Amino acid sequence: MKNFKEVIIIFDSGIGGLSYFKYIKSRIGGCQYVYVADNKNFPYGEKSPEYLLEAVLFLIEKLKKIYNIGALVLACNTISVSVYNKLNFVFPVVYTLPDVSSVSDLVLKRVLLIATNTTLESKFVKDQVNIHNDLIVKAAGELVNFVEYGENYKKYALRCLEALKFEVVNTGREIVFLGCTHYLHLKVMIEDFLKIPVYENRELVVKNLIRSMNFSEHKGNYYKNDFDFVDDEFYLTENKNLTFYQNFCKKYNLRFKGMIV
């Protein structure tokens, strides 16, 4: 039976988007959120744009049979640049984009954008390099694996950070733009290692969501008076590493729903 209340779907390949979920929920209360970790296709950074478009369309069709979708937040830079302006749904789609040139505070900064290979190879990022005054891009896929898989990948993450530090020192970078939602879990580690601040775009994403759904930050509180409280929910797309994901569900107060079938 379909849930009659509109939900906001937050979508990523794994746990990267959870920090976005937490931030959005803190700003827009009262709505029900459904988080989908497409772990079957992790990491997105190694998939083609065509594959990622098919993956999104397939999963949204499944979710539409269960929920009345009010909005879709693609809490992943890779899938956002891959399917940007290619989705045609009746509900709004909010993208997480490495839109360096739109941030006024970064216009005159020497910026290092770190992201996955697929993100960096996109037209969106290539346009950013051409538009921005001083933007260098570097792949940092090893950091994604470290966030998702843990200590077994730490040595690769440290090697990656060493290479990024070399780039920062030798090109005089002033700030790092996090072009992958997984990196936000490592914000303190990245800042400590590179000795420069990072920029992350959760605020831009939540403002776009508020605008696209045509409501204020506090409209969600209205729903609390009209509907019984409903748990926010969490889905996977493959039956693996269940304990890992269930622990994150507890941390973020999400009800684990298992696999989307």
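Each residue's number is its place along the chain shown, starting with 1.
Glycine is treated like the rest: Cβ placed from N, Cα and C.
Feature annotations, reproduced from Swiss-Prot:
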| type | residues | note |
| --- | --- | --- |
| ACT_SITE | CYS76 | active site, proton donor/acceptor |
| ACT_SITE | CYS180 | active site, proton donor/acceptor |
| BINDING | ASP12, SER13, TYR44, GLY45, ASN77, THR78, THR181, HIS182 | substrate binding site |
Residue among the binding-site residues SER13, THR78, THR181 whose Cβ has the most other Cβ atoms within 10 Å: THR78
Rounded Cα separation (Å) that holds between ASP12 (substrate binding site) and CYS76 (active site, proton donor/acceptor): 5
Structural state of SER13 (substrate binding site), classified by DSSP into three states: coil
Rounded Cα separation (Å) that holds between TYR44 (substrate binding site) and CYS180 (active site, proton donor/acceptor): 11
Helix, strand or coil at CYS180 (active site, proton donor/acceptor) [DSSP, three-state]: coil
Largest tally of Cβ atoms lying within 10 Å of a Cβ, found at which of the binding-site residues ASP12, TYR44, GLY45, ASN77: ASN77
Cβ neighbours within the same chain of CYS180 (active site, proton donor/acceptor) - under 8 Å, at least six residues apart: GLY16, GLY45, CYS76, ASN77, THR78, ILE114, ALA115, THR116, THR119, ALA140, LEU143, VAL144
Listed in sequence order, residues not in ASP12, SER13, TYR44, GLY45, ASN77, THR78, THR181, HIS182 with Cβ within 8 Å of the centre of the substrate site Cβ atoms: GLY14, GLY16, GLY17, PRO43, CYS76, ILE79, THR116, THR119, VAL144, CYS180
GLY45 (substrate binding site) - helix vs strand vs coil (DSSP): helix
Long-range Cβ environment of HIS182 (substrate binding site), under 8 Å and at least 6 residues apart: GLY14, ILE15, GLY16, LEU143, VAL144, VAL147, GLU148
DSSP-derived class (H/G/I helix, E/B strand, else coil) of CYS76 (active site, proton donor/acceptor): coil
